[in-house]
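Before any comments, here is the structure.
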Amino acid sequence: MAKDYYAILGVDRNASQDDIKKAFRELAKKYHPDANPGNKEAEEKFKEIAEAYEVLSDPQKRKQYDETGTTDFNAGSGFNWQDFTHFDDINDIFNQFFGGNFGDTFFGGYTNQPDLDIYLRVNISLEDAYYGASKNVKYRRNAMCEHCSGTGAENKVLITCPTCHGSGQERITRGQGFFRMVTVTECRTCHGRGKIPQKPCTVCHGTGTVSKNEDISVNIPKGADTNLKLRLKNMGNSYGGVTGDLYIVLIVNNPPGIRRSGQDIYVEHTIDFPEAALGGEEEIKLFRESYNLKIPAGTQPGEILKIKGAGMPRINGHGSGDLNVIIKIEVPKHLTSRQKELLEEFRNEKKKSWFHF
């Protein structure tokens, strides 16, 4: 007994092609095996729906079915997935049903999205970071061709790619039935753009870009630290009329004897032991700056004395960190007779005194 394909799709015999396609898409959403994992009944129903659509969506097959009530499927060995010619419709259903580009992802899709941004690592000194600076940076990039405005076309006229018909992708199908694996690759003709130049640009030869050497000045903000990224818009590579950005990634190099922690700076400073005991005042230099630091009496080795607000400027412009001075005490290796005499006197006096340092 011949199958009633119209009843299977739920349409009348005078249904238009749009009505038939709409009915198929709705039923395919409902019964597709990937939406009903492990459901054999849904799997058979989906196969039946696909068979009905294969016949009714083809004018010649539909005419034969309407006139005789039979098709090659009825007379032969039955419907086979190798006979199905509408896998694009099923892929469209995946995209609508699951959202976005699910079909491409599910079937092993690939979309060419070139990374147009350029990242350059630039070394600067801690002094440059302290005061701010301007650095010259040289690099090479693929810039937009000004002759064709990045279109790749001599007359800026683009036509639909004849290979991918504007999709920018080519599909390679492997396997059978709804277990087919569809691999989506970049179109080899238009390189994913979907369009090609009507006549290639005489300057860039159809690529839309030209290689360009850049020599730019980059402003280093006060307080910059390692791994800070400075973004320069539209100074990256170009592709398809779109230009990426240039990111300058800073590496701040500390000079010997100076350490940075956040916005605080640590330096070592050596004093003699009489000053450590009696106290005094020392001049502390940092780059082009000079500070007077009071040394309290009884200062110990390794003690940290703080100069408020003399550290790295905060990059947001609100204040600065601190300059932390790590005290080292120098013990002389060679003494004069008088110095030895005074120290012996000091030691003896200390033994007699109740006060101990």
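Just so it is clear, glycine is given a Cβ too, placed from its N, Cα and C backbone atoms.
Listed features, source Swiss-Prot:
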- 4-69: domain 'J' (DOMAIN)
- 132-213: zinc finger (ZN_FING)
- Cys145, Cys148, Cys201, Cys204: Zn(2+) 1 binding site (BINDING)
- 145-152: repeat 'CXXCXGXG motif' (REPEAT)
- Cys161, Cys164, Cys187, Cys190: Zn(2+) 2 binding site (BINDING)
- 161-168: repeat 'CXXCXGXG motif' (REPEAT)
- 187-194: repeat 'CXXCXGXG motif' (REPEAT)
- 201-208: repeat 'CXXCXGXG motif' (REPEAT)
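What Swiss-Prot annotates, mapped onto the structure for a quick look.
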residue	record	DSSP class
Cys145	Zn(2+) 1 binding site	coil
Cys161	Zn(2+) 2 binding site	coil
Cys187	Zn(2+) 2 binding site	coil
Cys201	Zn(2+) 1 binding site	coil
Quiz item: Near Cys148 (Zn(2+) 1 binding site), how many other Cβ atoms are within 10 Å of its Cβ?
Solution: 25
Quiz item: Which sequence positions outside the repeat 'CXXCXGXG motif' (201-208), separated from its termini by at least 6 residues, show Cβ-Cβ distances below 8 Å to it?
Solution: 144-145, 147-148, 150-154, 238-241
Practice problem: Measuring Cα to Cα, tell me the gap between Cys164 (Zn(2+) 2 binding site) and Cys201 (Zn(2+) 1 binding site) in whole angstrom. | Solution: 22
Quiz item: Given Cys187 (Zn(2+) 2 binding site) and Cys145 (Zn(2+) 1 binding site), what distance in Å do their CA atoms have, once rounded to a whole number?
Solution: 22
Self-check item: Spatial separation of Cys190 (Zn(2+) 2 binding site) from Cys148 (Zn(2+) 1 binding site) - C-alpha basis, Å
Solution: 17
Self-check item: For the repeat 'CXXCXGXG motif' (145-152), distant same-chain residues with Cβ under 8 A (at least six beyond the ends)
Solution: 158, 196-197, 200-204, 206-210, 238, 240-242
Exercise. Grab the same-chain neighbours of the repeat 'CXXCXGXG motif' (161-168) for me: Cβ-Cβ under 8 Å, and only residues 6 or more beyond its ends, written as numbers and ranges.
Key: 111-112, 186-190, 192-196
Quiz item: Given the Zn(2+) 1 site residues Cys145, Cys148, Cys201, Cys204, which other residues of that chain have a Cβ within 8 Å of the mean position of their Cβ atoms, reported in sequence order?
Solution: Glu146, His147, Ser149, Gly150, Thr151, Gly152, Ala153, Glu154, Thr202, Val203, His205, Gly206, Thr207, Gly208, Thr209, Val210
Practice problem: Could you check which of the binding-site residues (Cys145, Cys201, Cys204) sits closest to Cys161 (Zn(2+) 2 binding site), going Cα to Cα? | Solution: Cys201
Practice problem: Write out, in the order they occur in the sequence, the residues of the chain not among Cys161, Cys164, Cys187, Cys190 that have a C-beta within 8 Å of the mean position of the C-beta atoms of the recorded Zn(2+) 2 site. | Solution: Pro162, Thr163, His165, Gly166, Ser167, Gly168, Gln169, Glu170, Arg188, Thr189, His191, Gly192, Arg193, Gly194, Lys195, Ile196
Practice problem: Count the other Cβ atoms sitting within 10 Å of the Cβ of Cys161 (Zn(2+) 2 binding site), across every protein chain shown. | Solution: 20
